[in-house]
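Participant: Below are the features I grabbed from TrEMBL:
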{"type": "DOMAIN", "residues": "19-194", "note": "domain 'FAD-binding PCMH-type'"}
{"type": "ACT_SITE", "residues": "R170", "note": "active site"}
{"type": "ACT_SITE", "residues": "S243", "note": "active site, proton donor"}
{"type": "ACT_SITE", "residues": "E345", "note": "active site"}
Amino acid sequence: MPDLQIEKNKSLLAMNTMALDSTAEYFCSASTLEAVHQALSFAKRHNLSVTPLGAGSNVILATNLSGLVLHLSLKGCESAAPVGAAHGSVDVTFAAGENWHDMVLMCLDRGWFGLENLSLIPGNMGAAAIQNIGAYGVELSNLLVSLQVVDIQSGAVLELDREACQFSYRDSVFKQSLKDKYIITQLTLRLSTEPNINIDYPALSAYFVELDREPTPQMVSDAVCNIRREKLPDPCELANVGSFFKNPVINQSALAGLQSVEGKGKVPSYSQPDGLVKVPAAWLIDKCKFRGTRRGGVGVHDKQALVLVNYSNDADNDSAREILSLAKEIQAAVKDRFGINLEVEPRIYGPV
Ligand SMILES: Cc1cc2nc3c(=O)[nH]c(=O)nc-3n(C[C@H](O)[C@H](O)[C@H](O)COP(=O)(O)OP(=O)(O)OC[C@H]3O[C@@H](n4cnc5c(N)ncnc54)[C@H](O)[C@@H]3O)c2cc1C
């Protein structure tokens, strides 16, 4: 295998969807497990920290990154009948560097179902487990069987099952106790060979309200793509990282407090299995009148208040500072008006 190409002072401008002008002290792209090991050995020899990078659609690079930025570009996909599982499902193993949406489409094509509600989420397969990606009523954790990971310190290759990942809403063990400890190189999902339609999510059921039969998985995927394209800016046209904040999950008495101020029936909320309620962060931000706001070269998208956008996609170091300052302004306004803390969703590198 050829030696790994290590670059110095590599610009990451084109490698993050917020189009922030950050530089990696060292950079390499690993397309095989062996290359991942070589990269980790290089980092160890030179005493460098390692930052894994996928498609850069959930990072705010507010500083230059010291150490080695390791881009995961492993490709491939294999399927197998699940051991001991009921007929009607297939276990599909994806390499970390495959594009998420391409794999959703490939699975639909092969008659492997379950991913259609997660159509058009940017990013690569490897990162999907980090924040347990989710949309339109489905989360990665509903489908995940196991992950292959490499321990950054020891280089050991391990397999983690779903339980070990400790998934919850936009969260996993990789954002908590195992933060920055592992590189994810593969993930295995259990998909169904029979359509298993889930259109309970309000925007999806509304989309099909006039259809007099159950939609096919392809129709669900198309619907999700259409709804997303209408609401969310395409990062290739307007730099963004999707939702900037998580939807806050609050208890019943906090909800009652909100309703007493805003009016009963005026606060959108979604009951959670544990008795808590999720309130859309977009609604809270909208109420604070931020939708369409601009501050310098950045702003809040005019169709979706949860999305912060960077209008200046040239090399402009100030965008990161402006984005973080706007995020703080929004958090303070929401806290002030509703007493709710908004938690940032993407990983911020640099001063918070
Ligand atoms: C327009 C838009 C819409 C979006 N919609 C959604 C949505 O509906 N639902 C949702 O959940 N998310 C959404 N996102 C967020 C994003 O798409 C996901 O979080 C995605 O999984 C990020 O993948 P990535 O490859 O770009 O990760 P990156 O941004 O490259 O990395 C994210 C984090 O994961 C780490 N990481 C990346 N790859 C690996 C690896 N192989 N091993 C270990 N660590 C790794 C990085 O170090 C970083 O901390 C959206 C983003 C955009 C821009």
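From the backbone N, Cα and C atoms, a Cβ is placed for every residue, glycine too.
Each of these features: where is it, how hidden is it, and who are its neighbours?
Facilitator: Secondary structure from DSSP puts R170 (active site) in coil.
Non-local neighbourhood of S243 (active site, proton donor): A281, L306, V307, E345, each in the same chain, at least six residues away, with C-beta under 8 Å from its C-beta.
Here the Cβ of E345 (active site) has 20 other Cβ atoms within 10 Å, regardless of which shown protein chain they belong to.
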Participant: Would you count the other CB atoms within 10 A of the CB of R170 (active site), including those on all shown protein chains?
Facilitator: 18
